[in-house]
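Beneath this line is the structure, given in structure tokens, with notes to follow.
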Amino acid sequence: MFEIKKICCIGAGYVGGPTCSVIAHMCPEIRVTVVDVNESRIHAWNSPTLPIYEPGLKEVVESCRGKNLFFSTNIDDAIKEADLVFISVLSNPEFLAEGTAIKDLKNPDRVLIGGDETPEGQRAVQALCAVYEHWVPREKILTTNTWSSELSKLAANAFLAQRISSINSISALCEATGADVEEVATAIGMDQRIGNKFLKASVGFGGSCFQKDVLNLVYLCEALNLPEVARYWQQVIDMNDYQRRRFASRIIDSLFNTVTDKKIAILGFAFKKDTGDTRESSSIYISKYLMDEGAHLHIYDPKVPREQIVVDLSHPGVSEDDQVSRLVTISKDPYEACDGAHAVVICTEWDMFKELDYERIHKKMLKPAFIFDGRRVLDGLHNELQTIGFQIETIGKKVSSKRIPYAPSGEIPKFSLQDPPNKKPKV
């Protein structure tokens, strides 16, 4: 069997960088070169400050960089010298979750390799299997034809996104009836046929994969003349959009139907904790809706650089003219963001937000002081926060019978970062 001694990975982003760093770490006899046209990104991979944040990644990279792991912009030579070239394709799809990517790579549920059902294709499949067998048990390495591997990737993310949209739909029902979506999720999650994973109600899913892969599935179904199937999966995206608009409407309506010229503290901008990735983050959408209503946003995230927040909010589909410069301030710590605010909006479930000094925050806020918990991170603190004086609004639960009534007064229009920019409608 052909033995792989040199690997080239094209693309030094959130997938290629961590994946090939772990391959180099687990296979010290294989030379791994990660290439990219982005010189600043490659420079960052070769520096003490990596271009992405992922728990455990820095230690893996530093253990083998310069030994059998290299980052370069010399793409042509790396390809010519390689026995195996990794490109971001679905024949060997990744099933990584940002925030746990290194753990997922070192101890995967499965590795899926698809290939042509030809002698050449099968030899390539077996050669790649041999690389993963350095640390992955053979029974966890699945080999399929190319179509099966591609659809498995899309279907896996579609099923996970579907579960989030499903529990988010129940959260709206819980708020209308007085049920607690966390209690409902626990009850149904104890059913072994359902399980308890991905039943956390929130302001909506984000990241680079879920929406993209569901929409790829929708497109594929439409192209193959399966309109009923396409409409079914489109509803997963529609429910996610609805959850974001519903949460933004709740903020506006709770603040007496206007946020114009009011200071709103946005805590968290990454699409989930333990990553600096902001792609399709619900924070972008919530910020857009509030900016459209004239709110002044003070944003804090422990891992997202100021420049990235400004770039995301300056997207033509999100803002126009000088909106960001007029309405957005990036804060250096959560207390600065909350100082003088009318409301605190938690958009990312960073653990540090559970440990803030909320009495200190309340003293510096305008009254009545509101907290909108879009991630259910403060569930255990409701009594304490109410005693301090906060009005608490959270996903899928009525916190207090004394709460200011929530009655939606208007519909926030849909938008997508994939749509071409147009003149923004006002609510």
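Yeah, the Cβs are placed from backbone N, Cα and C, and that goes for glycine too.
Remember, predicted model here, so these are calculated numbers, not experimental data.
Database features (TrEMBL):
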| type | residues | note |
| --- | --- | --- |
| BINDING | Gly11, Ala12, Gly13, Tyr14, Val15, Gly16, Asp36, Arg41, Glu98, Cys209, Phe210, Gln211, Lys212, Arg279 | NAD(+) binding site |
| BINDING | 94-98, 153-157, Arg193, 200-206, 271-272, Arg375 | substrate binding site |
| ACT_SITE | Cys209 | active site, nucleophile |
| DOMAIN | 265-380 | domain 'UDP-glucose/GDP-mannose dehydrogenase C-terminal' |
| REGION | 408-427 | region 'Disordered' |
**Asked** Looking only at the domain 'UDP-glucose/GDP-mannose dehydrogenase C-terminal' (265-380), what is the mean pLDDT?
**Response** 97
**Message:** Checking your reading of the structure: which of the binding-site residues Glu94, Ala97, Leu154, Ala201, Gly204, Phe271 lie inside a 10 Å Cα sphere centred on Lys212 (NAD(+) binding site)?
**Reply:** Leu154
**Request:** Check the Cα distances from Glu94 (substrate binding site) to each of the binding-site residues Gly11, Val15, Asp36 and keep only the ones within 10 Å.
**Result:** Val15
**Asked** If one measures from the C-alpha of Gly204 (substrate binding site) to the C-alpha of Phe210 (NAD(+) binding site), what distance in angstrom results, rounded to a whole number?
**Response** 11
**Prompt:** For Asn157 (substrate binding site), which residues in the same chain are close in space, meaning a Cβ under 8 Å from its Cβ, but six or more apart along the sequence?
**Reply:** Cys209, Phe210, Asp213, Val214
**Request:** Pull the DSSP breakdown for the domain 'UDP-glucose/GDP-mannose dehydrogenase C-terminal' (265-380) and write it out as helix, strand, coil residue counts.
**Result:** 42 helix, 19 strand, 55 coil
**Fill in**
Rounded Cα distance in angstrom between Phe271 (substrate binding site) and Glu98 (NAD(+) binding site) is 10
**Asked** Ala97 (substrate binding site) to Val15 (NAD(+) binding site): how many Å between their Cα atoms?
**Response** 10
**Request:** Sorry to bug you, but what's the C-alpha spacing from Leu154 (substrate binding site) to Asp36 (NAD(+) binding site), rounded to the closest Å?
**Result:** 25
**Complete:** If you tally other C-beta atoms within 10 angstroms for each of the binding-site residues Asp36, Glu94, Glu98, the top scorer is Glu98
